[in-house]
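Features of the protein shown, as given by Swiss-Prot:
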- 7-110: domain 'Longin' (DOMAIN)
- 125-185: domain 'v-SNARE coiled-coil homology' (DOMAIN)
- 2-188: topological domain 'Cytoplasmic' (TOPO_DOM)
- 210-220: topological domain 'Vesicular' (TOPO_DOM)
- 189-209: transmembrane segment (TRANSMEM)
Amino acid sequence: MAILFAVVARGTTILAKHAWCGGNFLEVTEQILAKIPSENNKLTYSHGNYLFHYICQDRIIYLCITDDDFERSRAFNFLNEIKKRFQTTYGSRAQTALPYAMNSEFSSVLAAQLKYHSESKGTDQVAETQAQVDELKGIMVRNIDLVAQRGEKLELLIDKTENLVDSSVTFKTTSRNLARAMCMKNLKLTIIIIIVSIVIIYIIVSAACGGLAWPSCVQK
């Protein structure tokens with residue numbers, strides 16, 4: 001279970017986005033955004049095995065796509081956090097911004113928050129108050145049909161293998177960095193042991209030879 005895709009848009013104008021894995025997210029999202037009214041609203045669209053959650057406030061749409069078994073409360077916690085961060089960072093600039101104007105900066109925020117709210121350990125840290133639960137009860141779920149430009153039914157296609165490849169690369173990089181760090185740690189420990197051994201040997205020899213200059217052992 002995970003948040004698969006997140007986007008911030010003004011109407012159908014995408015300002016920032018991030019995808020957890022490969023898929024035809026943009027093609028599907030464009031149709032979803034076109035169906036969202038401009039007034040302030042919160043809603044969940046259901047399509048196949050996926051849910052499209054959104055918050056629209058001041059013409060700015062905060063939308064994410066999840067599996068249908070992903071908790072809606074977690075999805076809207078994610079959207080509320082994204083909305084707060086986006087409004088704090090950009091304010092009224094979003095009302096006139098060009099397409100993808102915030103993507104270079106805000107996509108990393110989307111990625112970090114998407115990961116945090118998708119992981120199970122993040123759920124324990126996100127306190128759901130009774131007010132949030134009550135608010136969720138008022139957010140409707142509607143079925144939605146998507147149609148491609150050619151007229152046939154449009155399905156959301158997900159390729160999670162892309163994320164698995166990225167995860168594999170990340171794991172290999174992390175493992176390599178860990179091995180390098182352990183090697184450096186062992187090298188430092190070896191050097192310390194050698195230095196301590198030399199000092200101990202020097203002290204023993206000095207004691208046997210009558211002093212630090214080894215007067216009784218060194219012939220003049």
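Quick reminder: no glycine exception, Cβ is built from N, Cα and C everywhere.
As a summary of secondary structure, the domain 'Longin' (7-110) carries 43 helix, 36 strand, 25 coil according to DSSP. Mean model confidence of the topological domain 'Vesicular' (210-220) amounts to 70 (pLDDT, 0 to 100 scale).
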